[in-house]
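**Q** Taken from TrEMBL, the feature transmembrane segment applies to 41-65, 102-121, 142-163, 169-189, 255-274, 294-312, 324-343, 404-433.
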Amino acid sequence: MALQQVAAPCAHTLGSTYRKAKNSNSPIEPSLVFWGRRERVSAASGLLSLGFMLACPLLVVFVHVCIRDFDASVRDAVCELAALGALDFFLKYTPLPTLEAGLGYIGWLLFQALLSIALPGKTVTAPPTPGGHRLSYRVNGLNSWIVTLVAAVTLSVIEVLPLSSVAEHWSGLVAVANVYGILATILGWTKGHLAPSTAEDRRFSGSLFHDLLSGIELNPRFGRWDLKLYQIGRVGMNSWVIIDLSFAALQYQKTGAVTSTMVVAIALHTIYTVDFFINEDWYLSTIDISHDHFGFSLAWGPAAWLPMVYTCQTQFLASHAVDLPYWCSAAIFLIGLAGYAIFRSANHQKYLVRQTNSDCTIWGAKPSVIESAYTTADGGTHKSLLLCSGWWGIVRHPNYVGDIIFSLCTGLCAGSTHVIPWLYFIFMATLLIHRALRDEARCLAKHGVFWAEYCRRVRWVLIPWVF
Ligand code: NDP
């Protein structure tokens, strides 16, 4: 089949092109493509970006205040907000940075930077960027996670820094992490303008606010040190289980025991984190690294949102010791494990097929694939494969389904009395449904008729016969 591509000027055009491609057999017009992003956004879209960047830190603060000051009751916090008015509410309750939290956080950032630079790891080359660059990464995330964990436990055992100190200084850390996330966003934006690593992979939307939110550079680097991988894979992911353990230590301090639900929540988070690091080379081909530019979402998100929202269950359990019967905790764990198994095997199938050029077996049979091709901005043509069997023959985003089941189980650990510990599930479900739709439009722009053919073969996005 001849290589044909679709222009990607805006989401609307993509949406209509997509519908057209799906509903007819007519070929899609070929044109020059810089697949992936809208080139220009409207002023309204720019203002929405500003609103989003203002709302997210306030939401993080609000969630923290709910847990700290309102016994995790969203209703009570909302009543107070309504009574005081938003300005007075946030003036009264917003956590402030403290010296201890500031120094501790700077130490954390430097320690993670040191580990990412100094620890050994294999060098992996990521898929071509839209600008035609193939960047290599030192993949040493698992080593850095192990060293971080051993360091945290050792410092606690020798009584230099108790494991519970993160939880005890949580207010100050929430404040500092927000400030750092905003500074990292501004750094990324400034670097994108003044000293880009790969100028061809920059994107300017015409809106300052949209550029800040969605980023200018795709993979900003200082020398060979990659800022995006550091921010997500070190500052963010490495903090997850450490924060969990700290809140478990706090629960122990308060109640003299650690509940089975706390153990299950931490076990699930640990499996997810270790999986992420074991498969770090796979992560280089995901949307985060390959397609999303380094703006507020990927600079502030891993610094402030991830630590606050991904650990909402353990923060909640530290002060609300929900203790389910053991069989119940075990069932939640097993369902979570099943979700993880779908997530992992779906991601593995896709990775394996592309790595082996489909010379492999999926569920005991030769994989069914569509041979695709796409162009990059340098005019280069690249071949690719779209897997149509295994999990990818049932729905078009099976890995998201596994992830959503998994996050549901982390919420179940905290029972059903409060909304707060369900935030991670709500966030993941919203993010992944939105991402599935966004990815569909992008894949159509990149793979053109080949993607349309995939949609014809595999009809469902996430749930067979439903969606
Ligand atoms: P994917 O790993 O599914 O990557 C999507 C890309 O895969 C597409 O853009 C396309 O890229 C390629 N692709 C799509 N369909 C096929 C197919 N049938 N055969 C071969 N290649 C295909 O998504 P993400 O990068 O969003 O997520 C990766 C994982 O991370 C997921 O499991 C997700 O659940 C998880 N995740 C977790 C988050 C968290 O915070 N915990 C946040 C976001 C994601 P190409 O351009 O190469 O063709």
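Glycine too: its Cβ is placed from the backbone N, Cα and C atoms.
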**Q** Against which stretches of its own chain does the transmembrane segment (41-65) lie, if we need a Cβ under 8 Å and a gap of at least six residues from its ends?
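**A** Cβ under 8 Å, 6 or more out: 77, 81, 90, 93-95, 170-171, 174, 178, 181-182, 185, 205-210, 212-214, 296, 300, 304-305, 308-309, 312, 420, 423.
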**Q** Establish whether the number of Cβ pairs under 8 Å between the transmembrane segment (102-121) and the transmembrane segment (169-189) reaches at least three, counting only pairs separated by 6 or more residues.
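**A** In this chain the transmembrane segment (102-121) contacts the transmembrane segment (169-189) - 3 or more Cβ pairs sit under 8 Å.
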**Q** Can you tell me which of 142-163, 255-274, 294-312, 324-343, 404-433 gets the most C-beta pairs within less than 8 Å of the transmembrane segment (169-189)?
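**A** Ranked by Cβ pairs under 8 Å, first place goes to 294-312.
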**Q** Which one, 142-163, 255-274, 294-312, has the most C-beta pairs under 8 Å toward the transmembrane segment (404-433)?
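**A** Looking only at 142-163, 255-274, 294-312, the most contacts with the transmembrane segment (404-433) come from 255-274.
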**Q** By a Cβ-Cβ criterion of under 8 Å, what residues six or more beyond either terminus of the transmembrane segment (255-274) are in contact with it?
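**A** Result: 142, 145, 237, 240-241, 244-245, 247-248, 310-311, 313-314, 317-318, 321-324, 326, 329, 332-333, 336-337, 340, 406, 409-410, 413-415.
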